[in-house]
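K.L.:
Sharing the features that TrEMBL gives for it:
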- 58-292: domain 'TauD/TfdA-like' (DOMAIN)
- 141, 143, 273: Fe cation binding site (BINDING)
- 167, 287, 291: 2-oxoglutarate binding site (BINDING)
Ligand SMILES: O=C(O)CCC(=O)C(=O)O
Ligand SMILES: [Fe+2]
């Protein structure tokens, strides 16, 4: 999609790759070790593009790798957890690239902590702000803004595309020069709070998280934590700065219509992402992505982690001893 804005760096794989998939379970260390070795089968041009992005993210905050192996595909499942008969080529592809960037992890509330998550449109979630929606645009967000162990990278591998579904992206590198000095100054101050994504609450009550800045680090090349749906400024000035950022993101975003074999890597500290609305058919031919999250290292989340699954609980339990009217 040509919006005149900075688009992701793109590399194309032209080599026919045939991965041997291990018998091991997808999240197991045996499978992950196998994925690490599989990386060596990718052409040098692809491996060096990933290594370069890892060292210094592209100004867009995203790298698009085209032409990766995804294996044989059955019908798109009706929900992310419906078992499918697919082979494990795409999982190997995703985890191979994930291991080149850091450590793949799952989050317990996100489909039970699965390392690889199917993203498919569901009938139940058509209108909601969740990855399984379709009839509404998914607002700009970084992944898990409220989470102390939020991912460093988000990887989206397209198994089946939809010509109308555009993954939207906006980089703080492109947006920053369009913000006034006052807005920038405010965004660097801890005057913002982020609510918890619904999918993490499991019946508990939402609470706003700790005070945090939206922008951090180098004033010319900051990192960003932003969620257009879940974040609020704690005073009028902070709220106005957040709105100014939101407008700048809208005005300077680009989009990628993911196609079969495309792997989009998003640096979660540089770019926000979202998705356009589209019309699924719910007939087995719908859009199907697989997603994995990558953290820089496993040490930081150790107290909250079981294996590769980050367990942090959010929200407040509902009062169990509320007075009864009897
Ligand atoms: O469906 C997409 O293109 C993006 C979905 C999304 O925001 C996500 O998976 O985190
Ligand atoms: Fe997302």
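From the backbone N, Cα and C atoms, a Cβ is placed for every residue, glycine too.
Nobody curates TrEMBL annotations by hand; they come from automatic prediction.
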K.L.:
Find the shortest Cα-Cα separation between residue 143 (Fe cation binding site) and the binding-site residues 167, 287, 291, and name the residue that gives it.
P.N.:
291
K.L.:
Using Cβ-Cβ distances, find the residues under 8 Å from residue 273 (Fe cation binding site) that belong to the same chain and are at least 6 apart in sequence, listing them in sequence order.
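P.N.:
Expected: 140, 141, 142, 143, 154, 167, 168, 169, 170, 266.
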K.L.:
Where the criterion is a Cβ under 6 Å from an atom of ligand 2, which of the binding-site residues 143, 167, 287, 291 meet it?
P.N.:
143
K.L.:
With respect to ligand 1, which members of the binding-site residues 141, 167, 287, 291 satisfy a Cβ distance under 6 angstroms to one of its atoms?
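P.N.:
167, 291, in sequence order.
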K.L.:
For a quick check of packing: other C-beta atoms within 10 Å of the C-beta of residue 291 (2-oxoglutarate binding site), how many?
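P.N.:
Around the Cβ of residue 291 (2-oxoglutarate binding site), 21 other Cβ atoms lie within 10 Å.
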K.L.:
Sort residue 287 (2-oxoglutarate binding site) into helix, strand or coil using the DSSP assignment.
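P.N.:
Assignment for residue 287 (2-oxoglutarate binding site) reads coil.
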K.L.:
Compute the centroid of the Cβ atoms of 141, 143, 273, then list the same-chain residues not in that set whose Cβ lies within 8 Å of it, in sequence order, for the Fe cation site.
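P.N.:
Leaving out the recorded residues gives 140, 142, 145, 154, 227, 266, 268, 272, 274.
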